[in-house]
Amino acid sequence: MNAMLNIKEGEFTSTIYTLIHEHKFNDAIRILQYQHERNPKNLAALSLLAYCYYYTQDFMNAADCYSQLSYNFPQYSQYKLYHAQSLYNAFRPADALAVVSMIQDENLLNESVKLEAAIKYQEDDLVNCRILVEQLPENDAAVIINTACIDYKEGNYEEALKKFNEATEFSGYQSGLAYSIALCHYRRGDYDSALKLISEIINRGVKDHPEFNIGMVTEGIDVNFIQNTQKLHESALIEAFNLKFAIYYRTKDFKAAKESLTDMPPRNEHDADPITLHNLAISNANSDFGDSSAKLQFLLGINPFPQETFANLLFLYCKNDYFGLAADVLAENPSHTFYCLNEYQFNLLEALIYMPTNPEESLKKLEKLEKECLDRLRKTAIEIQIKKEQKTTDSDDSLEMRNLIESYDDSLEMYLPVLMTYAKYYWDKRDYQAVEKLFRNSVDYCKEHDTWKLNVAHTIFMQEKKYKDAAAFYEPIVHKKYDDGILEVPAMILANLVVCYIMTNQTDEAELILKAVENEEEAALMMKPNEKFFHNSIISLVIGSLYCSKGNFEFGISRVVKALEPPEKKLGVDTWYYAKRCIVAAIELMAKNLLVMRDSVVMEVIQFLTSCEVPGRNIYTVPDDLFEQAGESKVKCNVTYEARMIKAALLMVFND
C-alpha cells in the first residue's frame, strides 16, 4: 500500500499530518480511506478520516465515521458528541437529538446541552432552546451568543445586537460575530453600519487568506476553485459576501450585487451553499431564465433551502408566462405553500396563475390586494409626514425615519406587481387606453419609480401617435446611464426611444444614442472579445422593423440584414426573432403579389439566411431546458432549421 501511494516506510503518520497541515484534505482522505478498508477498526485512521470529512464540510461521511468510532470505541464518549455534531451540521436534527440523548459523560454535559439547544434552534423550537441555554453558565461567551441568536430569530434585533457586541467584548474579534452584528444592522435597516462590518470581514480575509482568491474572478483572472473547509467557514467570507449582495440587491444596485457574488472565494457550482446558489439564480433571472429556474428547482429538493426560494421560483414562472408550471409546483408542495408564502404572496400568485382561465376571480383578488396595498401606502405616507414635521436631529429618530421610508418603499414594491398584473390584463386585450388610465390613477404613489415610468412609456408608445410623450418617460431612464453604462439599459428601451425620435423628426438625438451604444459595445468587445453584444443589433433591427411596418421593405430588410453582420457575433435568440419576423412578412406579401422586391435585395436576404446556418446550430428558438420532449423536436427548434425553411420559402416565391 505504501509503495502504491508513494509513502516511505515509517513515514505514514508524518505524511498524513503534513497533508492535513497543508490543507490537502482530498489526498489525506484518499490514503485514509484505503487504510480504513484494510483495517476497519484502526482508531487512528478512522478518527483522522472523520476529522478530514468534517473539516471539508462533508458532514454525512463524518457522521458515518464517528458512528463507527462511537460503536467500536464506546470508552471515548467524545465520539458520540462528534457524531451528533456531524448529524446536526448535516441538517438531521432528529437523528442528532437521538445521539445526544445517549451521552452519559458528565464532562460533556455542557457541550451536550449546547448542542441540544442548537438542534432545537434548528427546528425553530425557540421556547425549549431558551430553556436549555438558561441551564448553562452565564459567563460563557457561547451562551451569550446563543441567547443573541434566539433574540434574533424572535425578531428582537436590538437585543440581539447588544448581546453580540457583548460577546465580542468578552472573546475578542471573530469574523462570525462580526457577521452576526452586520446581520442585525441589516435587519434594522442600518445598511451603512452593516457594510462597514462586511468590509472589515473581507479586508481581513484578503490579508489573512490570500489562498481564497478573493475578488480575482471579478477582475477576470483565472484562478483555481477552492474547497469548502472549516477555515473558509470560520472566516465568514461567504456569509459576508451574500449579505453584501442582499443589501445591494435590496437597494437596486444590481451591478454591485453581482460583483458581490463574483468577488467571493471561487468555488465549483456543486460546492456552492444554498444561499449562494439562490442569490446566483435571482441575479441572473432576467438574462437566463433556464439556468435560474433550474437552480431554484434544485434548491427545493434539498434540506434546508432558503425560504425565499419557493416564492421566487413561482414568480419567475409567472413572469415568463409558465402559469401551468407554477400551478403544478404550488399544488405539489402544500407544506412549502404554508411555510414559505405569506398571505400577500399566495393571493398574488393565485391571481397570476388563474388569470388566463378565470380572469373574473383573479381580478377580484387583485382588487382586494390593491385596496390593502394602497391603505398601507397611505398610512406610511402619513407617518412619514408627521415625522418630517417634528424635525429632530436625534440619530435614533433618523434611523426611524429611514425605516419608515424603507417601509413605504416595501409597500410600493408590493403594490406595483398588483398594478402591473391588472395592467397586463388590459394590455393583452390591446386596450392601451385602459392601461394608461390605470397608471394615471396610481401616479401619486408611483411617479418616481422606474418600473412605473417604463411601463407608462411602453403603453404610450403602443398608441403610436404619442411618440413625444413616450420619449419623455423613456428619457430619464436612459439618461441615467447615458455617459457610463448605457449597455445596462435594456436594448428594447433604447430601441423604442430611438423610434420615438425618428417618428418625431429628432434624428440628431437618435444618432447620439446609436453612437453611444456603438462606442460602448466596441469598448466592451475589446475587454471581452469572446462575448456577444446585441444592443446595437437590436436597435437597428427595431428600426428596420419600423420601416417594414410602414411598407418600405427594401430599406427595412437591408437594415435588418446589416444589423446581424457578422452572424457569428450578432446572431442570438432575440436578434433572430426580429430578423425572421420582417423576412417572413415580406415573403407573405410577395406570395400574395402585394410586394415586389429588387433581385439584389432578395439575393442579399438569401445570402444572409445561408450565413446563419452554421452559427445558428446551437441557438435554440424555444427554451431548451424544461420543455424539450424529444430529440427530433429539438432539431427543428434552432436557427439553422428555421433559416433553411425560410430560405426555401423565399426561393419558392422568388422563382414562381
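Along the chain as shown, residues are numbered 1 onward.
Placement of Cβ uses the backbone N, Cα and C atoms for every residue, glycine included.
Summarising the annotation, Swiss-Prot assigns repeat 'TPR 1' to 9-42. What Swiss-Prot records for 43-76 is repeat 'TPR 2'. According to Swiss-Prot, the repeat 'TPR 3' annotation covers 141-174. As annotated by Swiss-Prot, repeat 'TPR 4' applies to 176-208. Residues or ranges marked as repeat 'TPR 5' by Swiss-Prot: 238-271. Annotation comment: Swiss-Prot describes 378-412 as repeat 'TPR 6'. Here Swiss-Prot flags 416-449 as repeat 'TPR 7'. Feature annotation from Swiss-Prot assigns repeat 'TPR 8' to 451-484. As annotated by Swiss-Prot, repeat 'TPR 9' applies to 537-570.
Across the repeat 'TPR 5' (238-271), DSSP classifies residues as 26 helix, 0 strand, 8 coil. The list of residues near the repeat 'TPR 8' (451-484) in space but at least 6 beyond its ends in sequence, with Cβ under 8 angstroms from a Cβ of it, reads 416, 419-420, 423, 427, 432-433, 435-436, 439, 442, 493-494, 496-497, 499-501, 503-504, 506, 513, 516.
Each of 9-42, 141-174, 176-208, 238-271, 537-570 was scored by its Cβ pairs under 8 Å to the repeat 'TPR 6' (378-412), and the highest score goes to 176-208. Here the repeat 'TPR 4' (176-208) has, by DSSP, the following mix of helix, strand and coil residues: 31 helix, 0 strand, 2 coil.
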